[in-house]
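**Q** According to TrEMBL, the protein has these features:
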COMPBIAS  1-11  compositional bias 'Polar residues'
REGION    1-36  region 'Disordered'
TRANSMEM  50-69  transmembrane segment
TRANSMEM  75-97  transmembrane segment
TRANSMEM  109-127  transmembrane segment
TRANSMEM  147-170  transmembrane segment
TRANSMEM  182-201  transmembrane segment
TRANSMEM  207-232  transmembrane segment
TRANSMEM  244-268  transmembrane segment
TRANSMEM  301-323  transmembrane segment
Amino acid sequence: MIKENGSNVQVTHGGRIRRRKGSNEVPGDVGQSNGNNHLLVNDQNKYRSMLIRAYSSIWMIGGFIFVVYMGHLYIWAMVVIIQIFMAKELFGLLRKVNEDKQLPGFRHLNWHFFFTAMLFVYGRILSQRLVNTVTTDKFLYKIVGNLIKYHMVTCYFLYIAGFVWFILSLKKKMYKYQFGQYAWTHMILIVVFTQSSFTVANIFEGIFWFLLPASLIVINDIAAYFFGFFFGKTPLIKLSPKKTWEGFIGASVTTIISAFVDLSTGWLQCDPGPLFTPETFILPGWLPEWFPWTEMQVLPVQWHALGLGLFASIIAPFGGFFASGFKRAFKIKDFGDSIPGHGGMTDRMDCQMVMAVFAYIYHQSFIVAQSVSVGMIFDQIVMNLSYEEQKVLYNNLGQILQDRQFGES
């Protein structure tokens, strides 16, 4: 065997020359060069992805601020739009094109159940309060009042209509697919409407109790992304390989500090209730002498915000981990592509769903007065009595007070 210009050549007995196939191994210097180029491409893609994500985030935050500024009903409309996008993304996960072609109109059944559930959930939440707020016209008031009075039976028969529609649409050799879609639809309705009902309930408890939890999740997401982007090295959980301990810890600290500090800056203008009246807090005596303050003014709501911040930074991210496992089960990267750089609407709402439920339970358990108050009775009167019944109550109460006044004199 001889070498010819650096290649291996083998001479056979017949005098023919047979060249050996070149090796598949890449020389060390070439491989190193390609590796650097590969890293450079990844690095460029990483920063390009960050810019797209940041651009989308700015638009979302700007739109969110505008909707909050417009008031309760606009926020509720935003929640409805988000629900529709989430349902659309989730309905599509188990959709099979070939089967759907054989079942014309079957896809509309999903949306029939969706809007029936929407009517049931929001009809219960908005109730009589919305009637008294929206209209003063007696005829329209009576129509809307009757719709609310018969709201539950209306929703029931709408559901039964969908149930009958489903049974009549059953087709031979498609039973398994159709019943799977039926069960999947109901699971989506439970997931989507459970959290959204709590979100809307928070809105009508006061925009603050919607804005604070939602903002904390936004702050946590942004902080986790940037801490993980620049400092992340240690993987946090196998379900989501891109999440790191550095991002998780950095986001937790940022969220908790933001929850407590932001409310002390004076940006929030609320009615001067007990929660928003400053109180003097005496700092502990073990602080060093050079520390400039011995006491500070704290709003009672800041302590509640601290509790919400702890939940938003430590527990709520598990909603994202659940979504990551869900996507792995279906072998998809994102639920959709409606938000550039973020994926689908469901990808953005995973932690918000967990947070909304906790915020409502926390508010009902630790904020709302447990004893009967004038405000609570007034709300019950406005929500549950018709206009005529309210006038009768007013006249009767006035007569009682007048009799008592004469009796005392």
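Backbone N, Cα and C define each Cβ position, glycine as well.
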**Q** Of the listed stretches (50-69, 75-97, 147-170, 207-232, 301-323), which one yields the highest count of Cβ-Cβ distances below 8 Å with the transmembrane segment (109-127)?
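**A** The stretch I would name here is 147-170.
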**Q** Of the stretches 50-69, 147-170, 207-232, which racks up the most C-beta pairs under 8 Å with the transmembrane segment (301-323)?
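**A** When the Cβ pairs under 8 Å are tallied, 207-232 comes out ahead.
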**Q** The transmembrane segment (147-170): which same-chain residues, six or more beyond its ends, come within Cβ distance under 8 Å?
**A** 103, 105-106, 109, 112-113, 116, 119-120, 123-124, 127-128, 131, 178, 182
